[in-house]
């Protein structure tokens, strides 16, 4: 009985809604070459109720009929969420608009709390997957419809979903908090966030919402793809990309150092797909964006990052002793709050981390092991991130305190010995010491100097 009442309410709501929708020009409809993967993320919590849920389903049916559904066109998936998310159908479940409309008319109302954050994580991890029909290089869109405040954390899941190149539109009904919807959806909020006072007011936003969705899909289709950097030096690198579809007049390339005010831009002819960014600072992290310009409108920017090399001769290790090593580096560009220095024996051992003030560019490592080679890394730390690391190796000297003198001997060499004896008599007087009688004396004579003699006894 509940299902019959719900279907009857859906049909009644659909008749009222489509009566004001018949004049809508559908940019995403038949005859237009549009590809996109679209996920309808629908709040099915208890606060909506059966009657209002029927109006939500009627609104979804209008949205579905906006698109040309097919495996090589627009694919649609439907996820209902309350306490937990539930997949009503995947991107590759239905192959045409009639099948999708039938599925939208018949999916049940489940009820529960409003865990919007968990639902967005589910969409990112379970729905936009290749084995569920998701395609690469095709615009991805999520349309969130909710009637209240999220029961769980939602900002981080929304950020991660957007970072996965998913364009989020948010529709809030009744008690939905607009600031919460703006934190979830892409910018600008004027084209991505819609609020209505009740479920009967869906018709008021239907045209504007569908036009915004179709326009965004069209622009996303024209987006520059595959930004790659190469040939990096200390003052330049090459930025290249895959040509955007259509008649591109020019590409606008912009770059900005993330930790300083340095920035620049240049215009590249539409027939080119690369340029060399010159005059850059060494060891600096840059954000690069490329926009395709079609004259009257621009594509969304494609962004990437690259870090320039350091200048030659900027090695880390300096002088060392057996227990210390002085480390010196070229100061990193920008406002460095501090440096994080790490060193560890290359043969294995405990890593030591030091914090060095950003105003200095050298320090002395102490309590090192003698005759040991250390791997040294210095990271410049900024207020909003980490700069390019400097790396090097250094070796301590031998510990001289462990040296012991070694005495080496060699056999004595024979030397000539000239001896002579004299028979003498002790003679009293003249200051001579008296001896008890006559005797002999032994005299040594230097062979190299005969005048050098010595009386031995």
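Note that the numbers count up from 1, one per residue, in the order the chain is shown.
Note that Cβ sites are derived from N, Cα and C of the backbone, with glycine treated the same way.
Because TrEMBL annotations are produced automatically, they should be read as predictions rather than curated entries.
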Region 'Disordered' according to TrEMBL, located in which of 267-295, 296-324, 325-353: 296-324
Remote residues contacting the region 'Disordered' (296-324) - C-beta distance under 8 A, at least 6 residues beyond either end: 219-220, 222-225, 227-229, 232-237, 239, 241, 244, 252, 254, 258, 280-290, 330, 362, 364-371, 376, 378, 387-388, 390-401
DSSP-derived helix, strand and coil totals, residue by residue, for the domain 'Fibronectin type-III' (314-401): 2 helix, 44 strand, 42 coil
